[in-house]
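Please read the structure below before turning to the comments.
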């Protein structure tokens, strides 16, 4: 991908929102580790967090390469992400895993929408970005499945908790694409 042959507005929007999402995911896992890091689920959370750190690193690189500014909401996502992670972890491992399921399902859906949009344009122009998004989407789906395997659905008020978190994710995506 070069700066000359791409739709800058589309690429800027994708990189900005995906960077914000990966940053938020890192903060969520940081909050979960602050509460549950020394528990039996700690190594599972750490493994997922390590992958999220790699995702964030890649989007940091893409932001520099394509000269994309971050969302102005980064300080807000810093606090909200950590609070969400820690708050759901205070419900126990099931609460943390319910948060993981909700967030990762939302992110995978968002990545699928981006993949469809880029494939409808000129996919050969966006192949590098498509490869990154597909890889990260697949890893987010792995995290989703890990959450289910570790009793996410046993969290208190699971269905309500999941819907509320996913509504928040939708708002975060909408705002981060635009601001």
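Placement of Cβ uses the backbone N, Cα and C atoms for every residue, glycine included.
Because the structure is a prediction, the values reported are computed rather than measured.
Pulled from TrEMBL, these are the features on record:
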type	residues	note
BINDING	22, 52, 55, 140	Fe cation 1 binding site
BINDING	52, 104, 140, 143	Fe cation 2 binding site
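Structure coloured by features recorded in TrEMBL.
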residue : record                   : Cβ within 10 Å
22      : Fe cation 1 binding site : 23
52      : Fe cation 1 binding site : 24
55      : Fe cation 1 binding site : 22
104     : Fe cation 2 binding site : 25
140     : Fe cation 1 binding site : 27
143     : Fe cation 2 binding site : 25
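Residue 22 (Fe cation 1 binding site) sits 11 Å from residue 104 (Fe cation 2 binding site), taking the Cα positions as reference. Taking only the Cα positions, the spacing between residue 104 (Fe cation 2 binding site) and residue 140 (Fe cation 1 binding site) is 5 angstrom. Of the recorded residues, residue 55 (Fe cation 1 binding site) and residue 143 (Fe cation 2 binding site) place their C-alpha atoms 13 Å from one another.
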